[in-house]
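According to TrEMBL, the protein carries these features:
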type: COMPBIAS; residues: 231-245; note: compositional bias 'Low complexity'
type: DOMAIN; residues: 585-772; note: domain 'Thymidylate kinase-like'
type: REGION; residues: 227-302; note: region 'Disordered'
type: TRANSMEM; residues: 25-49; note: transmembrane segment
type: TRANSMEM; residues: 61-85; note: transmembrane segment
type: TRANSMEM; residues: 154-182; note: transmembrane segment
type: TRANSMEM; residues: 202-221; note: transmembrane segment
type: TRANSMEM; residues: 361-380; note: transmembrane segment
type: TRANSMEM; residues: 392-412; note: transmembrane segment
type: TRANSMEM; residues: 424-442; note: transmembrane segment
type: TRANSMEM; residues: 448-471; note: transmembrane segment
type: TRANSMEM; residues: 483-508; note: transmembrane segment
type: TRANSMEM; residues: 520-544; note: transmembrane segment
Amino acid sequence: MSRSAPFGAPGEARGVLAIKPFRRLWISLSLSSLGDWLGLLALVALAAVLTRDLDPLTRSYAIAGAAAVKLGPPVLLSPLSGLLADRFDRRLTMVAADALRGLLYLSIPIAGRLDWLLIAGFLAELAALAWTPAKDAALTDLVPKKKVPQAARLGLLTAYGAAPVAAALFALLASLSWLIGAALPGGRAPAGDAFLNPQADAALYAAGVVFVAAAVTAWLLPASRRESLETPPTAAPKPSASAATREVPVAPPPDNERTTPLRTTDPLANERTAPLATTGGHAAESNERTAPLATTGEQAAAGDDRTAPLVPAGAEIPPGPELPPGPGAQRPAKERFRPENLLRTLWQGGRFAATTPLVRGLLTGMAGVFPAVAAVAGVGRVHAAGLGAGNAGFAVLFGAAFAGMALGMMAGPRILRHLSRARLFGVGIAASGLALLVTGLIPNMALAAVLVTAAGVAAGVSWVTGLTLMAQELEDDVRTRTLGYLSAVARAQLLLVMVAAPLLAAAVGDHTLRLGELTYEFLGTGAVLLIAAVAVLAAGFLAARRVDTGADVPLRRELFAALRGVPLPADTAEEERPPGTFIVLEGGEGAGKSTQVGQLSVWLREEGFEVVSTREPGSTKLGMRLRALLLDREHTGMSARAEALLYAADRAEHVSKVILPALRRGAIVISDRYIDSTLAYQGAGRELVREEVERINEWATGELAPDLTVLLDIPPDEGLARLGGSTDRMEAESAEFHARVRKGFRDLADRDPARYLVLDAREPAEEITRAIQRRLRPILPDPVPKDAEAITGMLPTIKD
Ligand SMILES: Nc1ncnc2c1ncn2[C@@H]1O[C@H](COP(=O)(O)OP(=O)(O)OP(=O)(O)O)[C@@H](O)[C@H]1O
Ligand SMILES: Cc1cn([C@H]2C[C@H](O)[C@@H](COP(=O)(O)O)O2)c(=O)[nH]c1=O
């Protein structure tokens, strides 16, 4: 029932582009991104051209080398970015880096040598390493703090949107090659040759000119503000495509969310809860307290938390972790931006990913579709040549993969609306793998273009579905780590696959199979696509098993119904979840649950929602009597089972009379206690068998589960002390009983971190309210104005 925030309203782009200096920066970034993608295509194409008379293996080495010099530095040398960050004037750095890249690209076709192609391509990427932090800092310097997230999203959209544009331009230049060939100095190969030279030359000249134009535009930017030099680059995006391998930092949260978030259930954390404090000192105050959240400085240094995966246009950029202060803030040099350390991210993320099946499933699936796109990019040039299509064909395949992906991401939420998102995720990955499989098997250029587009669309659908599932199921902190890891995996994959694919294709070689009269051309590149397809299908299968859990309806049946655009027949569909949102506050005595229920109700009503705040036991007529029975000290010694059944009876009445009717109206229900209280008090506290208590409660509630459970964690003595005077039957229980209850709650949160937000209840009430608000926003019904939604349809966006 929880809905992810929609994102990406066009009005948002207009809003930031209205800021003149940012508009210039954006033009410069767009040109750089275009030059970057064009450069990648042209380098690979020219490497093929220059080795056209050599054996296939050497040609593959050349192509792999061209991909490696373009993709390797951003992945492997990113620490250099950190060394260069903020050392020089950012505007001049951008100008110099773009101008240098332009000159290097212009020099490559003039030299017409493979060794210079590799050297110049590598040098251009080194220049890009200096350009990236300068551009990030310029972005935060030129837009008001509040608009940085919008600017970041637009930058991201531009970076990936430039890929199909570059492919189209490359294809156009390739198609006009006979004209260009006559005009350019590089017109060396005969017309009609699949490895025709002028096409790649023209693209390199174009890339060079585009970079020079980017440098000129950057020159027109306002000069850096002196104080900005003290500002670390924030998590703005890195619109340079650089073949999509540079990290894309998470958009910063809106201003009002810039308080350090509370530690939430995070499998990497040593303990479950942490204080709100941003300093380690605060945490050290009590050994009860948990490892503090990294200070902003630590986070800046850690770097890896600040990256998001390759999120093309229209994809959700989830709220990021806490960021360092905005422009102008004074920060010690040691806290300055340090870019991601890829190996550390892979190692830490891998350990974390192993902790929950859902995260494992999402990671397997989302990382698993990436080889599909990477393999097409890696063998595209040689595959197109094998199909007799040359550079134009390469551009078509490359553009089809990226344009398809962008299309899939935009259309994703609308596709197969009646299929559950968990199933759509698996189906998308499988469809992508199948399309790639057929592409590898049938050597036909026109069909390949259609199938690669289909593979891209399916990959895009599964990516955006995966992001939506993350937004729904994972709590911010966990999600940010997951995305950071995914980013690292995707970039490492792109580098590996693009470099290994042409070599593998050459090793397999092309073969003609004869069956009587029939001949079948089996291309080495086709074999690589087949292998990638099998990897994608395997990833889809594994991911679907982990993500799509517990659906009673066979996939085939649900899929056919969804393809016909109808919901499942009533007899097979699970009972429709009512449209409202169900939030529960849990915790021991005096933890502050009613206080938070009150605060959240006020806030949500102000936001315009219908809110029903309620509690257990005692929110119905019957419930009030049960509450009196249960809490009256007259009944001390009540049997544990009777107690559990009475609480369950109160709950059955509560769900039926109060909660469900409100949810059906679309209201937000906030309940002070629910099933987990019985599991903690009667299960852990009274030492009843948890599974039995669970079963009774599932029956009592018709398995109605909350969308979010906030656990306010507090040592029992501190909570009870807050309540002061008279105690009821439960409060009067022993310290051991209350300790078991506390542990019971924490164990429940550990078992299902996606549904829990665990907070330290000793923090000030207002801070706790803010942390809950931050966690609630993404799952609340859509607050985007109606006119914006009419334009954006289902494009997801960050709520701010
Ligand atoms: N974050 C906080 N820090 C300090 N005191 C708090 C905080 N939150 C609530 N309190 C105070 O603690 C007392 C108990 O709060 P509250 O009634 O909200 O807790 P509760 O969890 O609903 O208690 P109960 O277990 O009785 O249902 C109140 O006096 C309240 O003002
Ligand atoms: C719902 C529920 C509650 N309890 C206990 C927990 C408290 O001691 C009281 C409820 O009173 P309060 O106003 O929330 O303090 O009942 C329980 O043991 N089992 C339950 O399911």
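Residue 1 is the first one shown; counting continues down the chain.
Glycine is no exception: its Cβ is also placed from the backbone N, Cα and C atoms.
What you are looking at is a predicted structure, and each value in this text was computed from that prediction instead of being measured.
Highest Cβ contact count with the transmembrane segment (483-508) among the listed stretches 392-412, 424-442, 520-544 falls to 520-544 (criterion: pairs under 8 Å). Two recorded stretches are said to be in contact when at least 3 C-beta pairs lie under 8 angstroms, sequence spacing 6 or more; the transmembrane segment (424-442) and the transmembrane segment (25-49) fall short of this definition. Note on the domain 'Thymidylate kinase-like' (585-772): mean pLDDT across this stretch is 94. Here the transmembrane segment (520-544) lies next to the transmembrane segment (361-380) in space: the count of CB pairs under 8 Å, restricted to residues six or more apart, reaches at least 3. For the transmembrane segment (202-221), the list of distant contacts is 21, 24-25, 27-29, 31-32, 34-36, 38-39, 41-43, 45-46, 91, 94-99, 101-106, 108-109, 138, 142, 169-170, 173-174, 176-177, 180, 184, 391: same-chain residues at least six beyond its ends, Cβ to Cβ under 8 Å.
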